[in-house]
Amino acid sequence: MNALPPAIFLMGPTAAGKTDLAIELTKVLPCELISVDSALVYRGMDIGTAKPSKTQLAEHPHRLIDILDPAQSYSAADFRSDALAAMAEITARGNIPLLVGGTMLYFKALLDGLADMPAADAQVRAQLEADAQAFGWQALHDQLAVVDPVSAARIHPNDPQRLIRALEVYRVSGMSMTAHREQQTAQSTEAAASGRQQLPYTVANLAIAPADRKVLHQRIALRFEQMLDQGFLDEVLALRSRGDLHSGLPSIRAVGYRQVWDHLDGKLTRDEMQERGIIATRQLAKRQFTWLRSWDDLHWLDSLASDNLSRALKYLGSVSILS
């Protein structure tokens, strides 16, 4: 018997069928679901995130869905803390945590831990905010591009919270956020080589996707069209009508939402919005595949196979998760 309690990771690109398989697994295994998705944490963002239906959530509850207002931010560190607490509760009941989603950074943070970043510094933050008021957020973004080009490439100039944090880390520690993360990766690699691990669970890693990438692209396009038919534009209009949300927030920068927001701002026609939304979703899937290709001990399932449940159960049995 394993010394550590079991957990299951069910990963994959967007539109691959992760939720359906996860629900099927809960019907035959003592599993409880934890969502691993940076967009599903937000309330009022249902259609564009392909959130499980209210019926599905009532019958098969998912933790870490609908836990935040769209005006709030949610970090990988927040996720790790919340997920560890949920996993402990599930394990204490004698059940298996089944973590399902496509935010690969969250899976990685949970598995390997996070770099020890310096604490917030009120004086440094005040100076950065004063600089932003005087010179604009683009000027701060230009500063970040000099000291941490990797972070600058992923942080939008209109995302003040993340922009300030990245510059704050550099000014307080003298190291970029990217350097801190690289240091953590090296430490995690060393820990794995020595048999130590950050996550106190025996994890079985499952991934699901269509074997043919063209099929996934077709599914992405169809799902985006269905979202529009289901009222995606009205959903974003409701968010805009609040008056306290803007395109720089992490929630509104989620794939699909930023394109619809730009359309409602008059920056894109409806056809352009739909095309760019589909392209952005395909790019997201490509990034997810990049993460998954480097994942150790990963068992793949084909989205189009009719026997994925039995295949998943066979694999879980083979790695002693079910013993």
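Glycine residues also receive a Cβ, built from the backbone N, Cα and C atoms like all the rest.
Pulled from Swiss-Prot:
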| type | residues | note |
| --- | --- | --- |
| BINDING | G12, P13, T14, A15, A16, G17, K18, T19 | ATP binding site |
| BINDING | T14, A15, A16, G17, K18, T19 | substrate binding site |
| REGION | 37-40 | region 'Interaction with substrate tRNA' |
| SITE | T103 | site 'Interaction with substrate tRNA' |
| SITE | R125 | site 'Interaction with substrate tRNA' |
| REGION | 161-165 | region 'Interaction with substrate tRNA' |
T14, A15, A16, G17, K18, T19 excluded, remaining Cβ within 8 Å of their centroid (substrate): G12, P13, D20, A50, G102, I208, S303
Residues flanking the ATP site, with Cβ no more than 8 Å from the Cβ centroid of G12, P13, T14, A15, A16, G17, K18, T19 and excluding those residues themselves: G102, I208, A209, S303
Count of other CB atoms lying within 10 Å of the CB belonging to P13 (ATP binding site): 27
Shortest C-alpha distance to T103 (site 'Interaction with substrate tRNA') - which of the binding-site residues G12, K18, T19: G12
Tertiary contacts of the region 'Interaction with substrate tRNA' (161-165) (same chain, 6+ residues out, Cβ under 8 Å): 73, 125, 128-129, 132, 137, 140-141, 144, 155, 177, 250
Number of helical, extended and coil residues in the region 'Interaction with substrate tRNA' (37-40), per DSSP: 0 helix, 0 strand, 4 coil
Number of other Cβ atoms within 10 Å of the Cβ of T103 (site 'Interaction with substrate tRNA') across all protein chains: 20
T19 (ATP binding site) - helix vs strand vs coil (DSSP): helix
R125 (site 'Interaction with substrate tRNA') and T19 (ATP binding site), distance between Cα atoms, whole Å: 40
Cα separation, R125 (site 'Interaction with substrate tRNA') to A15 (ATP binding site) (Å, whole number): 39
Spatial neighbours, same chain, of A16 (ATP binding site) - Cβ under 8 Å, 6+ residues apart: G102, I208, A209, P210, L216, R219, S303
